[in-house]
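See below for the structure under consideration.
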Amino acid sequence: MSNAYKRVLLKLSGEALMGDDAFGINRATIERMVADIAEVVRLGTQLAVVIGGGNIFRGVAGGAAGMDRATADYMGMLATMMNALALQDAMRHAGIEARVQSALRMDQVVEPYIRPRAIRQLEEGRVVIFAAGTGNPFFTTDTAAALRGSEVGAEVVLKATKVDGVYSADPKKDPSATRYTTISFDEAISRNLQVMDATAFALCRDQKLPIRVFSINKPGALKRIVLGEDEGTLVHV
């Protein structure tokens, strides 16, 4: 079976790295994620990753608690840097060559984000992990995923979550909630479905960049998507 995609952008939330823990990085969880990523890399699909920081610090929560929102967002960006380094290290142990590029400069630790370099590294078979979101406060890492996916020419944004797609309501709170197989960007925005923020949806819509929402906890889901199988929910123009 041939690959459905040549280049994809995977969005991982920081919360997904916690596993069953209340905080931080669960090593077993990150190793399982890397095993799924390794399968895709072996198929020959070029993979970029945008990673969140909510397992360490959430800028929105810091702002709500009385901290200056911009300061809180910068702290959240630093949290994504820690997650990116942890993910890169786990990939190295699994034999995957990966590079971290950051929207905030920290030259002794990671490369700065340079678009042509990122594209070249993808073409050479490396996984590129984008850290520090967009580098600007008030923008989520979901928006960073939409932005970087557009910049590097990804064919789809793969949004890994704890649920297996986009639902009409929160399935944990509403047992009658139904999962969409496909849904348009305009419909997702108008219904205020809280899977990605409206800015990310709007950017992907304008760039005609589809989003597939799937469960990170479902073994083999990432590989099945890359092979073109129906998994999760496709958000499209």
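Start at 1 and count along the chain as shown; that gives each residue its number.
Glycine is no exception: its Cβ is also placed from the backbone N, Cα and C atoms.
Keep in mind that what you see is a predicted model, and the values were worked out from it rather than measured.
Pulled from Swiss-Prot, these are the features on record:
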type	residues	note
BINDING	Lys11, Leu12, Ser13, Gly14, Gly54, Arg58, Thr161, Tyr167, Asp170	ATP binding site
BINDING	Gly53, Asp73, Thr134, Gly135, Asn136, Pro137, Phe138, Phe139, Thr140, Thr141	UMP binding site
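Remark: of the binding-site residues Gly53, Gly54, the most isolated position is Gly54 (fewest other Cβ atoms within 10 Å of its Cβ).
Long-range C-beta contacts of Thr134 (UMP binding site), restricted to its own chain and to partners at least six residues apart, with a cutoff below 8 Å, comprise Ala103, Thr143, Ala144, Leu147. Neighbour density at the Cβ, taken as the number of other Cβ atoms within 10 Å, is lowest among the binding-site residues Ser13, Asn136, Thr140, Thr161 for Asn136. The Cβ of Asp170 (ATP binding site) lies under 8 Å from the Cβ of Ala177, Gln194, each of these being in the same chain and 6 or more residues away along the sequence. Taking Cβ-Cβ distances under 8 Å and a sequence gap of 6 or more within the same chain, the neighbours of Phe138 (UMP binding site) are Arg69, Ala70, Asp73. Taking the Cβ of Lys11 (ATP binding site) as reference, residues of its chain lying under 8 Å away and at least six apart in sequence are, in sequence order, Val49, Val50, Ile51, Gly52, Thr141, Asp142, Ala145, Val157, Leu158, Lys159, Ala160.
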